[in-house]
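Database features (Swiss-Prot):
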REPEAT    72-133  repeat 'Kelch 1'
REPEAT    135-186  repeat 'Kelch 2'
REPEAT    187-239  repeat 'Kelch 3'
REPEAT    240-288  repeat 'Kelch 4'
REPEAT    296-342  repeat 'Kelch 5'
REPEAT    345-388  repeat 'Kelch 6'
Amino acid sequence: MAAEAGGGEPLVKFVKLSGRAAGSKKKVRWFPVRRLFTHSCPSLRIPSRFLREGRRSPPARSGHRCVADNTNLYVFGGYNPDYDESGGPENEDYPLFRELWRYHFATGMWHQMGTDGHMPRELASMSLVLHGHNLLVFGGTGIPFGESNGNDVYVCNVKYKRWSKLNCRGKKPNRIYGQAMAIIHGFLYVFGGTTGYIYSTDLHRLDLSTREWIQLKPNNPPCDLPEERYRHEIAHDGQRIYVLGGGTSWTAYSLEKIHAYNFETNTWEDIPTKPYGNLGFPAARRCHSCVQIKNEVFICGGYNGLVILGDLWKLDLQTFQWTKLPALMPEPAYFHCAAVTPAGCMYIHGGVVNIQQNKRTGSLFKIWLVVPSLLELCWENLLKYFPHLCQLPTHQLLQLGLSQELIERLK
């Protein structure tokens, strides 16, 4: 059997603590994102499968991916076997979603983006990264899982709303899904994944300047390689790639010891991590989310083979110390997606929230992982009390004293 592939509150601010002991931790709070929606733009001439009228927010889904910049959250692909939730007869790609959505932070509105070009058809458990104004998509699977996998790189320029397939040479990875991917020093690294039947521990690298793939051959003996896996996540510090969790259809891997690929020595290393007091280590998991801010990595949710997890943990890549943050997902989920803005605000969307009922969600949540800067605090309050700013012309915004950078966030 093939492996599964799809699986207006105030900002945090200083408050008077009621008799809390010194050293106690302020509770981290989740905020449901404002649900204000717009209809998709009718003037774009694109195939109906790319843009379904009447959809004001992304339907519930799993196995999708998302990325974020200062202005938008981009959500691509996904899977939902529920015929009605997936759009019924309007969705030509049922049970998949061949669509790209963006959530505009300044207005709190969802837009289904009309795009030209060749959008990928492998829409579950693909990899997605943001590189400048470009979305890079690799791998993924169609339906049935494992029967129509991909190993091409697709690029969507979000400024011009156009898809293209990257012509690459060299030894491409196998047709896989559930792999992890990151851009480091101008190279696109891909690790692990599954064909649906066989799990991988391969590490590939694409030179984005020459567009040549190579398979890296670490110096370790075969017994010292990481276990084969899918639906793991990776982080990096410029010197090593760190593999976080993942597993197979029947197991989930521990986070007590982390596999790390050393660029300089071309070897895999095992790095023990430090427990968080009496709480110890995060539970083993797969199908979780992971975001990174400098040398801090945050993992959230996932599935350990028994229950859906809703916890939030931080790993310091300098000390390898785990810290459990005092926040729980309002809807514990796996096969969800998460992304963090440059300012340090994490957004989480979708996922499987009930195993017995095979239920998915379309909810969107945000949480600040760092103390927001004064600029960000002022900006959010400005948008809260003057929501009409997005409707003003640029020259008027400049007259009001807004910087060009902030004006760009309104568009």
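Just so it is clear, glycine is given a Cβ too, placed from its N, Cα and C backbone atoms.
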According to DSSP, how is the repeat 'Kelch 5' (296-342) divided among helix, strand and coil residues?
0 helix, 30 strand, 17 coil
Output the single range from 72-133, 135-186, 187-239, 240-288 maximising the number of Cβ pairs under 8 Å to the repeat 'Kelch 6' (345-388).
72-133
DSSP-wise, what's the residue breakdown of the repeat 'Kelch 2' (135-186) into helix, strand and coil?
0 helix, 25 strand, 27 coil
